[in-house]
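The next block holds one structure in the form of structure tokens; read it before the comments.
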Amino acid sequence: MMKAFLVLDNGTIFEGESFGYETESVGEIVFNTSMAGYQEILTDPSYCNQIITLTYPMIGNYGIHPDNMESSKIQASGLIVKEYVDLPSNFKSEKTLSQFLKEYKIPAIQGIDTRKLTRFIRTNGSPNGGIFVASEYSPSFLEKVKSFPGIINADLAEVVTTSSKYIFGTHTGKKFKLAVYDYGVKTNILRLLDANGFAVTVYPAKTPSEEIMKEGTDAFFLSNGPGDPAPLDYAIASTQKIMEKRYPLFGICLGHQIIGLSLGKKTEKMKFGHRGGNQPVKNLETGQVEITSQNHGFAVIDDQKQDEPISFLNLNDHTVEGILKSGYPLLTVQYHPESAPGPNDSRYLFQKFYDLVEKTKKG
């Protein structure tokens, strides 16, 4: 294996071995605490411009299978692990993780003290950094890392969105048409919307909402996606028009944040975000605690408006996980009820949204 270097923007250098494509890449360094699901994580569009540290110490054990793709390709800029396993034990595996990374020209580094790196991120926040495959260190590596602009105020949704609208699943026998705004939508979200009875049509992020309304839809869904919601002026404007017309609306992750901004709330960059499959969230309506899958680095700030109460609350740091609007058919969650990977505690929300649409249409 070739030697590789992980370089952080403060000058910290980690030396390891390459097991991906022999290239270099820069991005925001983040960590995910999930014990499994590396293929779903790597192909999640929400990781655009990010290099992922997996805290579980042994990665690659079960290989790669097409059914576990959350988009058409690897979306992350790189992968950092403690130990890579090149001999997967899984009857469904079709290739190794290393082969998968090389197929999409993504660098990866092993032999890193991921515990030390994760503790650094928790203390100092998510740094910019880069993976460089080379026989020896060069000062130019740090220069390239420092030239990375970061993800704040960057419109990454336009990078990962579909280039044209398309139908997902089948529309035959479906009662309600659902327009999905693709800001980086995961495939399992679309699967569950389809499975719960919606006739799903997916639209590019910048499609004017008036255009979709003219085509005809019963409800709107705002998808997950990467980065900072604040620069997505077009998405905020479309959402405000959707709410003016009182269409039922469901937002997950970035979609939840866009709805928050559309209501006049503010968002903030988190120190190191929530990424993993074990975040406890309390449903404030039922009092039930759900273990959730999450992947975000920004959060909606609670402005304590009485007619826009918090519906879900993170029990680790008390960040907003969902908001309501009095008298409006709205459902939002910061976390990922579709999991992939992660627990299935919150999958009922897809049926809940269907019931909300049905109730709204009945008047």
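Including glycine, each Cβ sits where the backbone N, Cα and C put it.
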Problem set entry | Candidate sharing the L-glutamine site with GLY225, GLY227, LEU254, GLN257, ASN295, GLY297, PHE298 (per Swiss-Prot), from SER46, SER71, SER72, SER77 | SER46
Exercise. Just the number: how many Å between the Cα atoms of PHE298 (L-glutamine binding site) and CYS253 (active site, nucleophile)?
Worked result: 9
Problem set entry | Residue among the binding-site residues GLY227, GLY297 whose Cβ has the most other Cβ atoms within 10 Å | GLY227
Exercise. What number of additional C-beta atoms lies within 10 angstroms of the C-beta atom of GLU338 (active site)?
Worked result: 24
Problem set entry | CYS253 (active site, nucleophile) as reference: those recorded positions from ASN295, HIS336, GLU338 with C-alpha within 10 Å of it | ASN295, HIS336
Seminar exercise, completed: By a three-class reduction of DSSP, GLY297 (L-glutamine binding site) is assigned strand
